[in-house]
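Working notes, beginning with the structure itself.
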């Protein structure tokens, strides 16, 4: 056996920490502008509507879904520094493009769409990061390293909006740098800050990152993308085939996990506006606090599962995480007799006077009979009568909503870490870039389909149908986990090279 030297150990973990940073910056790149995309889009291109905003939000995940397998394949055969630097450089360039989308005289919304899609394409390096960490850690280190990676990703999602909030102090007008033709304001400063972080990341990859590979016992060995480093280490025995049934099952489970969380994130604002008569501002502010609290809860969970998994194993914890998510969505099912407030229910019994067709075009405020009470808010609140289910579906109490938030915030990070960890262990010592790329792509696909699912089922059928279907999906995933439970073991354990 080749014993790992202290110098090699330190170099290996320095490189892993650079991967943590890369993961953090990738999530910051997504979340740092998420709150300001809509007002910026309205400012630069008045022709853009809310449906186009949906495409801009989805473009990030689409770009990541396309890029992940490509960067993963690249990392299997070449030094990982190459796809890491190229992908980060694409993100830097995309952020700079986003800062200039106000300059063209037309089609500005398409430039913004392109910029966000390219930021997502650069974020395809998540597959490279995960595959490197899987290959640079032993089985005993793997769960902890994967939990740290997910924690860095969660912290990035939390801090992105915080950075955005700080930059709002610059204001909408900001400062004009004529020599660069750059308007530095609350919309462009965050992406330029993201570009600066990306440049720092590239410098650190060149200066600190080194290619390291260890087997499941922690012994170093050569790989095709080692870039000539570590020539005196073992050649790893990679005989044996990967259990593709387990691989496919874990991809499906990961899709479900990301799908239900995307539904949860998307449904928060419309659900609370419908059920509690919150205004848009109240819904964004209150849900922002709730999601931030869930983010902090997730980071704590990431840290706890590292210790807990050593006692119970990853499969049992994944099973428990899915059960918690199931309970979280089951709690959201409407019950009781109290109905939500209907928008402008004060005028529901007032009839519109008969008028000539030309007069029907006049706005409602031109009719004295339809004037709203003086204490009514300018913005309609409550459950819109256009959603027919509002008239017969019981409201979801605030206590239900908060309890569900807490449970989903507990179950999601557990499932996230355990699925990544089990996936990397099932794949074993063979290059994991492509496989990690497909796993990342399945998660990106879930984040695209989740909001589409919500917009259709919730709007037309209501929360009872939406959350019942989600519960059904989670139950099916639990059955799938039971079926493949015994197959979700490490590659080395499967072939008898080490004990579970």
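Cβ from N, Cα, C; glycine included.
So that you can see what the record holds, here are the features copied from TrEMBL:
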- 15-489: domain 'Major facilitator superfamily (MFS) profile' (DOMAIN)
- 17-40: transmembrane segment (TRANSMEM)
- 52-72: transmembrane segment (TRANSMEM)
- 84-101: transmembrane segment (TRANSMEM)
- 113-133: transmembrane segment (TRANSMEM)
- 154-171: transmembrane segment (TRANSMEM)
- 191-209: transmembrane segment (TRANSMEM)
- 245-264: transmembrane segment (TRANSMEM)
- 284-305: transmembrane segment (TRANSMEM)
- 317-336: transmembrane segment (TRANSMEM)
- 401-423: transmembrane segment (TRANSMEM)
- 435-459: transmembrane segment (TRANSMEM)
- 465-485: transmembrane segment (TRANSMEM)
The transmembrane segment (401-423) and the transmembrane segment (84-101) contact flag, 3+ Cβ pairs under 8 angstroms: no
Proximity of the transmembrane segment (435-459) to the transmembrane segment (465-485), 3+ C-beta pairs under 8 angstroms: yes
Contact call for the transmembrane segment (84-101) against the transmembrane segment (17-40), three or more Cβ pairs under 8 Å: yes
Any contact, the transmembrane segment (17-40) to the transmembrane segment (245-264), with at least 3 Cβ pairs under 8 A: no
Positions on the same chain near the transmembrane segment (284-305), where near means CB under 8 A and six or more residues out: 35, 143, 147-148, 150-151, 154-155, 157-158, 161, 265, 268-269, 272, 278, 317, 402, 405-406, 408-410, 412-414, 417-418
Intrachain neighbours beyond the transmembrane segment (245-264), with Cβ under 8 angstroms and 6 or more residues off its ends: 318, 322, 325, 329, 408, 412, 415-416, 419-420, 422-423, 426-427, 435, 438-439, 442-443, 445-447, 449-451, 453-454, 466, 470, 473-474, 477, 480-481, 483-484, 487-488
Model confidence over the domain 'Major facilitator superfamily (MFS) profile' (15-489), averaged pLDDT: 81
Cβ contacts under 8 Å made by the transmembrane segment (113-133) with residues that lie 6+ beyond its boundaries: 15-16, 19, 22-23, 26, 29-30, 37, 52, 55-57, 59-64, 66-72, 74-76, 80, 83-84, 87-95, 97-98, 101, 145-146, 149, 420, 424, 431-433, 435-437, 439-440, 444
